[in-house]
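Engineer: Handing you this structure, nothing more for now.
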Amino acid sequence: MACARPLISVYSEKGESSGKNVTLPAVFKAPIRPDIVNFVHTNLRKNNRQPYAVSELAGHQTSAESWGTGRAVARIPRVRGGGTHRSGQGAFGNMCRGGRMFAPTKTWRRWHRRVNTTQKRYAICSALAASALPALVMSKGHSIEEVPELPLVVEDKVEGYKKTKEAVLLLKKLKAWNDIKKVYASQRMRAGKGKMRNRRRIQRRGPCIIYNEDNGIIKAFRNIPGITLLNVSKLNILKLAPGGHVGRFCIWTESAFRKLDELYGTWRKAASLKSNYNLPMHKMINTDLSRILKSPEIQRALRAPRKKIHRRVLKKNPLKNLRIMLKLNPYAKTMRWNTILRQARNHKLRVDKAAAAAAALEAKSDEKAAVAGKKPVVGKKGKKVAVGVKKQKKPLVGKKAAATKKPAPEKKSTEKKPTTEEKKPAA
């Protein structure tokens, strides 16, 4: 299967190439924007909605009144009366059985959406460009494995078909009947309440036939399941991208295919059938960035890569690491050496001062000993002790103190103490 080519072959009703070629319209090279297609499809689909609303009286067709406070029940309005289960039940609220809904729907909701004309055209261009890529068409689920070429163009004679058997024969010759078989196999019953609303059966989408003039082609193809027919002048994004997804399998007639350049123009020429419309362009012609960056034109303008390796440096504390401190402050070495010298000098001064004080104390003790007339005797450990001075005994502690004999108590004398009169001599 051929991808998008500058020339597209035109196939006859026998499924063979007729020998004619058609230039590929520029719209098939337009940028594919699935986001724009989805946005436009979502908003245009809302224009088919029918307004609906609930009755304004729904949920309020009963007499109910709140009981107020003091009864240990909720203050929701309650049905009045007695003699039935309904009396005393809650009413009106959206949380009550038989009550109204929250925010009852109204018919004056904003049902429709306006979409910019240029944006709608952009979406159609993207959908047409995607229909020419086999990968996107196959990802959409179409069976096009045996189709000879994409986009598929047939002669204008097909527009004059009036019989369905002619249309079926054409699809079989073009190897497109496999897509119709897929539609037949997908026919099933709808799930949900749509069965009760005249939407019982559902099926997949088949090919989209795009023509220029209706000379009976609609009657020939309309009864084949899955087929969609579109006029090239009235392309619809809802049909070209069902569900908002690009990649619809399209079969073109020759005249409709040639008319695309007049409808959407090219990048050199504006559209002749639309006023002031230019075909959207790509931001990049070539999206292969690796090929662009490796091209000689780009490489010639680039500088040589720098091979400098930036290694992570372990941060060290300069207050604890002298080498790092010297990098930050070379004068730190001098400051530290001056500190060491100052400390040594101060230490020497303290030692000298202590020695001088000891010498002065020794001289003073010598003077006292000379005054007493006793020569000082050098004792143990270099201590000077005066001669004739008894050494004080240490107090006894413990068992030794208990073992020593206690001195005998003095006996009381029997002699009477003289009175004051006897002591005093007579005058």
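For all residues, glycine too, the Cβ spot is worked out from N, Cα and C.
On a predicted model such as this, the values are computed, not experimentally measured, just so you know.
According to Swiss-Prot:
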- 377-397: compositional bias 'Basic residues' (COMPBIAS)
- 407-427: compositional bias 'Basic and acidic residues' (COMPBIAS)
- A2: N-acetylalanine (MOD_RES)
- K14: N6-acetyllysine (MOD_RES)
- R97: omega-N-methylarginine (MOD_RES)
- K106: N6-acetyllysine (MOD_RES)
- K259: N6-acetyllysine (MOD_RES)
- K333: N6-acetyllysine (MOD_RES)
- K353: N6-acetyllysine (MOD_RES)
- K364: N6-acetyllysine (MOD_RES)
Engineer: With R97 (omega-N-methylarginine) as the reference Cα, tell me which of the modified residues K14, K259, K333, K353 is the closest one.
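Structural biologist: That would be K259, the closest of K14, K259, K333, K353 to R97 (omega-N-methylarginine).
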Engineer: Mind giving me a neighbour count for K106 (N6-acetyllysine)? Other Cβ atoms within 10 Å of its Cβ, every protein chain shown.
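Structural biologist: I count 11 other Cβ atoms within 10 Å of it.
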Engineer: Please name the residue among the modified residues K14, R97, K259, K333, K364 whose C-beta has the most neighbouring C-beta atoms within 10 angstroms.
Structural biologist: K259
Engineer: What whole-number Å value do you get for the CA-CA distance of K353 (N6-acetyllysine) and K364 (N6-acetyllysine)?
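Structural biologist: Just about 17 Å between their Cα atoms.
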Engineer: Do me a favour and check the Cα-Cα span between K333 (N6-acetyllysine) and K259 (N6-acetyllysine); whole Å is fine.
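Structural biologist: Their Cα atoms are separated by 90 Å.
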Engineer: How many neighbouring Cβ atoms, not counting its own, are there within 10 Å of the Cβ of K353 (N6-acetyllysine)?
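Structural biologist: I count 10 other Cβ atoms within 10 Å of it.
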Engineer: Taking Cα atoms as reference points, rank the modified residues K14, K106, K259 by distance from K364 (N6-acetyllysine) and give the first.
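Structural biologist: Nearest in space to K364 (N6-acetyllysine), counting only the modified residues, is K106.
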